[in-house]
Amino acid sequence: MNYQQSKILKWTNVFALVIVIVVNVLSNTLPINGQTAGEISDRLNVLFTPAGYVFSIWSVIYLLVIIWVFRQFFARPADEEAYANIGYWFVISCFFNVAWLLLFHYEYFLLTMVAMIGLLISLIIIYRVIMLTPHTTFFMRLPFSVYLGWVSVATIVNVGVVFNSLGFEEGLFLSNVTWTILLLIVALALGIWFTATNRDPFYSFVLVWAFIGIGVERQGEYPAIAVSAWAAAAILGLYLVYYFVTKKRIYQ
């Protein structure tokens, strides 16, 4: 990638991120289609959805991504190579982020699954490119550890959104409570596998945050889900303690 191409890519990344932030702000201040994401979520009642405060993680994600986009203008050679190898995948992830928001607010729930999978795949590609580029810095990958962790949770929630919107509020073959507990087990296994495979504890920190929030949200009406969520948080938390105590290196 020559200098001019690199310059265009960098400013396109900036523009794409600005669009994402603006649309996210408008989605709650206007709000888009006269309803906030929280209001829609409450109506659909997906049991895997955590308490509202958990969604504050978006502010952490966007802060990290803003820093990541800003750093591209001052990147060291290894990071510069990673930015170039990522190409326009970050822009693509921004497109799917905005698309999901618009589709969700206008209640095209089946199509939100397409947008969410597109966002998940684009983040996986970005993460893999950074991981496979030698000698990248810690802050090159950190934003996407957190972002990918949260979108993994959001993808599971989105599956529930689609099923509930199709009239399966009581579950399909199994009860909604049973499905939620099974999904917690799957997410727990995913966190352990991801951290062990990629030497990335930050992905799992996000899952612990989500599990605790699910427990908080469901402790009144669905105690079985709350206990399962807190147990998953405890198990994954203990695994992370073990990970750090054994002094395994991060990202290497």
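Even glycines carry a Cβ here, placed using N, Cα and C.
Annotated transmembrane segment per TrEMBL: 12-30 (among others), in sequence order.
Residues 13-14, 17, 20-21, 24, 38, 90, 139-140, 142-144, 146-147, 150, 153, 206, 209-214, 216-217 of the same chain, all 6+ positions outside the transmembrane segment (50-70), place their C-beta atoms under 8 angstroms from a C-beta of that stretch. Per TrEMBL, the feature transmembrane segment maps to 50-70 (among others).
Residues or ranges marked as transmembrane segment by TrEMBL: 82-102 (among others).
TrEMBL lists 108-130 (among others) with the feature transmembrane segment. Residues 82, 85-86, 89-90, 92-93, 95-97, 99-100, 136, 140-141, 144-145, 147-148, 151-152, 154-155, 158-159, 161-162, 165 of the same chain, all 6+ positions outside the transmembrane segment (108-130), place their C-beta atoms under 8 angstroms from a C-beta of that stretch.
The annotation transmembrane segment is assigned in TrEMBL to 142-166 (among others).
Summarising the annotation, TrEMBL assigns transmembrane segment to 172-194 (among others).
Taken from TrEMBL, the feature transmembrane segment covers 201-216 (among others).
What TrEMBL lists as transmembrane segment is 222-245 (among others).
The transmembrane segment (201-216) is not in contact with the transmembrane segment (82-102), judged by fewer than 3 CB-CB distances under 8 Å for residue pairs 6 or more apart in sequence. Long-range contacts of the transmembrane segment (142-166) within its own chain (CB-CB distance under 8 A, at least 6 residues past either end) are made by residues 41, 44-50, 57-58, 60-61, 64-65, 67-68, 104, 107, 109-110, 112-113, 116-117, 119-120, 123-124, 126-127, 130, 172, 183, 186-187, 190, 200, 202-207, 210.
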